[in-house]
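Take a look at the structure below.
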Amino acid sequence: MFKVIKCNELNEKLINKKVEINAWVKKIRHHGKFIFLNIRDRYEKAQVLITEEHLLKIAEKIKLEYCIKIQGLLSKRPPNMINENMKTGSFEILAKNIEIISKCNELPFMIEDDNNASENSKLKYRYLDLRRDSLKNKIILRCQATHLIRNFLVKKKFLELETPTFVKSTPEGARDFVIPSRIHKGSFYALPQSPQLYKQLIMIAGFDKYFQIARCYRDEDSRGDRQPEFTQLDLEMSFVKKENIFKLIENMLFLIFKNCLNIKLPKKFKKITYKTAMNKYGSDKPDTRFELTLQDISRNLKNSEFNVFKETLKNKGSIKILIVKDEADKFSRAKINNLEEIAKLYKTQGLYFAKIENNKFSGGIAKFLKTEEQQLIKTYSLENNDIIFFTANKKWETACKAMGQIRIKIANDLGLIDENKFEFLWVYDFPLFEYDENTKTYTPAHHMFSLPKKRYIASLEKIPNKTIGEIYDLVLNGVELGSGSIRIHNKELQQRIFNIIGFQKEKSEDRFGFFLKALEYGAPNHGGIAIGIDRLIMLMTKSTSIKDVILFPKNSFATSPLDDSPSKISNEQLKELGINIVTDDA
């Protein structure tokens, strides 16, 4: 009788015992009168030794990635044959029976991490690509993390509740994926961009702690690393302050990193306001793994004769600087030109510089800084071989963002970023609204259900551009990992927010009438957060793309080479749905 085991279960106690393993063939080595097979299952790899003549005939027919059953005796390898690179490298199975469960066609690419297959080929044969250890392990880590999340939240008395997948179309920024109704011709469901409204309804229903590993859908233009469908941890709590949510998430992530990566995170994450993040790092999702920071030099240049600075300050704008210590000799004219191109992309007045040589400014705009030279050198403790970059704009936010991007570029070029660090950061007190210069209207900075801070509520309509919300983001290594807020739980206040963004009563009733009605029935104060599972696992596994941590992702054009979706449907189906297809050239 053979004991059925997995590859990782080979151990000393099974020496000279009969074992049976079902696995895939990873490697074949022919040595004349015997053959070695390296086999692999989900758990580990193992070596099989084939010496018997009748089994050699079967083994001769076996090719890579055949699915086989091996029965044999487990034996200890000779000391000089032990493979230290395999966890089971001290053992091998002496084959007594071999069964080919299933053959494998010629492979479209080698099942190795360093194969040169195209992305489309890997996605088309995703089931083969998933056999690679590196990819498989990322998916397994994802499973472990979501399992820990569930267990952690259930122990905290959260209820895992499912919200609808077919919902009313209430666009939240991106376009909705819509689904035609066969029964109600001309009407459409939408796939949810997030469970936002439903989780708030759950709070109104009296379920004070909710979570869901939610599938979300956004019909966005093809762009970089976006996926049309993604997964987020969605949670909401009643009678809560943002500090309660911070603590909950910090404890949860501490558990995940300890169990999945054996990394001990700090019990509390750093916290900074949106304004500080922009002023100091030039980003609302700053990478804090390195110390290069922005400074505002506007006051020190108030009497500057340099026209760009003069005009900026005349328009009550902002001048930002970035000082790079003892690295001036690394910045050639070509490198500085590259940085100037970044500044242009962000529509600043330009990027300017000056190096410190012989305790004086040199190069760049040095000749325009003669008056302020010694004052600036003293104020900012500038030394020889330092370089100082300047950018200016009448808009504070534009100057910050441009210099923030230059900061990241310089850090990458100089190797300042520690790729092994995990730096979490809470950014809070975001603006409630953004002003659109083209349409001359206000739009929600995050979403329209976030509560303004108390001191701004009375004057909302007068100063929407200065209103701060109870909004917070969780950032990891310069990536926005999660976003949340304390929500509005008052119908009148919610309608005031709608009015500011141009959703007058009729429009808001049409789109959100069901939700506004619910706010009339004793809504509790509540708040929550949504954390991107795909992004979290991507960062934990140091992957370069979220495609690496999604089981069956789409490509960059939102199509699936695996099943050729999206695809056309038959005329009969279209007729049944009451849909006519209009082509672009019609």
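Note that Cβ sites are derived from N, Cα and C of the backbone, with glycine treated the same way.
Marked as L-aspartate binding site by Swiss-Prot on the basis of sequence analysis: GLU172, ARG218, HIS446, ARG487. Taking the Cβ of HIS446 (L-aspartate binding site) as reference, residues of its chain lying under 8 Å away and at least six apart in sequence are, in sequence order, PHE430, GLY469, ILE471, SER483, SER485.
Summarising the annotation, Swiss-Prot assigns ATP binding site to ARG218, ASP219, GLU220, GLN227, GLU480, GLY532, ILE533, ASP534, ARG535 and lists sequence analysis as the type of evidence. In sequence order, VAL479, GLU480, LEU481, ILE546 constitute the residues six or more apart from ARG535 (ATP binding site) in its chain with CB-CB distances below 8 Å.
Taking H, G and I as helix, E and B as strand and the rest as coil, DSSP gives the region 'Aspartate' (196-199) the counts 4 helix, 0 strand, 0 coil. The feature region 'Aspartate' is assigned by Swiss-Prot to 196-199, with sequence analysis given as support.
Around HIS31 (site 'Important for tRNA non-discrimination'), a 10 Å sphere centred on its CB holds 10 further CB atoms from the protein chains shown. Among the features that Swiss-Prot reports, site 'Important for tRNA non-discrimination' is placed at HIS31, with the record citing sequence analysis.
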Cβ contacts under 8 Å made by the region 'Aspartate' (196-199) with residues that lie 6+ beyond its boundaries: 163-164, 167, 170, 172, 210, 212, 234-236, 447, 449, 512, 515, 528
Looking at the recorded positions HIS31, ARG218, ARG487, which has the shortest Cα distance to ILE533 (ATP binding site)? ARG218
Restricting to the region 'Aspartate' (196-199), report the mean pLDDT as a whole number. 96
GLU220 (ATP binding site), DSSP three-state class -> coil
Return the residues near GLU220 (ATP binding site), defined as same-chain residues 6+ apart in sequence whose C-beta is under 8 angstroms from its C-beta, sorted by sequence, else 'none'. ALA174, ARG175, ARG226, PRO228
By a three-class reduction of DSSP, HIS31 (site 'Important for tRNA non-discrimination') is assigned coil
Taking just the CA atoms, what is the gap between ARG487 (L-aspartate binding site) and HIS31 (site 'Important for tRNA non-discrimination') in Å? 70
